[in-house]
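Step one of this worksheet: look at the structure below.
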Amino acid sequence: MSEKEIIFLHKKVLNIHRLFYNWATLDIFFSNPGKVLRFLKLSFVPIIFSLCVIFSIRTIIAVDNHIYMCYSISFLGASYQACFKYYVIFIAHRKNFDKLVEYMKFLIKASNLDFANDIRRKCLKRNMSLALGIGRFLLVLFNTSGTFVLIYVYNPLFFKTSPIVFVNDVHDKKMIFMYYFTVISFYIFLEIVVVGDVYFLTIFAYIEGELRALAEVIERLNDAEVAQNDSKEILLFVYESHLNVLANVRTLQKIYFHLNLQFIGTNFLYVCLLLYITRFYESTLIMYFTTFIMIFQLFIICFLGEILRSRTEAIGEALYHTQWYEMKQKEKLALLIMMAAGQEAVGLEAGGIMNLSLDTFVSVMKATVSYGAIMYTFME
């Protein structure tokens, strides 16, 4: 596997991170701000969020139509998720994200084991290409969905829905500012949410690729001759690389510890309200599509948590299946210690309440459908 190909893909990934950071923090306009200007830049999204909260609460209180109220509650939840994600990525854990980016740069560098370099490059190339492809797909899918939602909500031909944020039930030309504000803030929050997910996906691709590569490197010790002659170098490489990747997995856990809980809570709210709306309206195509997008987003994060747990468990299992009895006594002892460390499954957590996995996805969806049905029955 060519090192130039890996570097080229890595630059593409870094460009996504750099572009997202520059636009979200307004560094595209002010590259070297002072403390005051930096504070004002980082306050832009929270200020928009605060205005959305005020307008949404005003709407929820003012309207009698509970369907309109569901739209405003969904918008309020979207604002909250976007603002919390913005706070985590750009303020609370900015240094931790920088550490993960540095680790990504480290992984594309060559090590002392040539065959391990080939395995790592192969896994990283596969994961980076997949992450870039899925990232582009998510950007197109979510932006297209958001555009259709706005067209459906604001198009006067439908007459079945109301603006997400409004004051009166009747469209008023004097409230054109409110419409523009809603559209702009909607796209700001949409981009922060979806690009933030792509941000996470690319970092996850590097970590998963490294764990997969380590498992393949360990498989070389299944050969008796390799276990006798080269076990020391291979075990040293695996030990150092495993400790390094686990440290960065812990960093990833720390960043998304509370964010995952907020994410599950807001997506639960979205899907519950959207399921209720789809059962109420006659024309529900766009609502079905939006509901599918929200469920798909929840599925992705739970699926990635499942993959991470299985990859960390695979290290200990791969060590167990080696030709350990062909190794020297010191290597056997080192292998035993590494097996003990590799048996612990490390995944993504949601506020210490639950581990993200496919079981979590199924449980959340069951609860969502149940509460949506109860809400529909109660409101009927």
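Keep in mind that glycine also has a Cβ here, set from the backbone N, Cα and C atoms.
Annotated features in TrEMBL:
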type     : residues : note
TRANSMEM : 39-60    : transmembrane segment
TRANSMEM : 66-89    : transmembrane segment
TRANSMEM : 130-154  : transmembrane segment
TRANSMEM : 177-207  : transmembrane segment
TRANSMEM : 259-279  : transmembrane segment
TRANSMEM : 285-305  : transmembrane segment
Between the transmembrane segment (177-207) and the transmembrane segment (259-279), do 3 or more CB pairs sit under 8 angstroms, pairs being 6 or more residues apart?
no
Grab the same-chain neighbours of the transmembrane segment (130-154) for me: Cβ-Cβ under 8 Å, and only residues 6 or more beyond its ends, written as numbers and ranges.
9, 12-13, 16, 71, 161-164, 179, 183, 186-187, 190-191, 193-195, 197-198, 201-202, 204-205, 286, 289-290, 293
Between the transmembrane segment (285-305) and the stretches 39-60, 66-89, 177-207, work out which stretch tops the count of Cβ pairs under 8 Å.
177-207
By a Cβ-Cβ criterion of under 8 Å, what residues six or more beyond either terminus of the transmembrane segment (39-60) are in contact with it?
24-27, 30, 33, 68-69, 72-73, 75-76, 79-80, 82-83, 86-87, 90-91, 164-167, 178, 181-182, 185, 188-189, 192
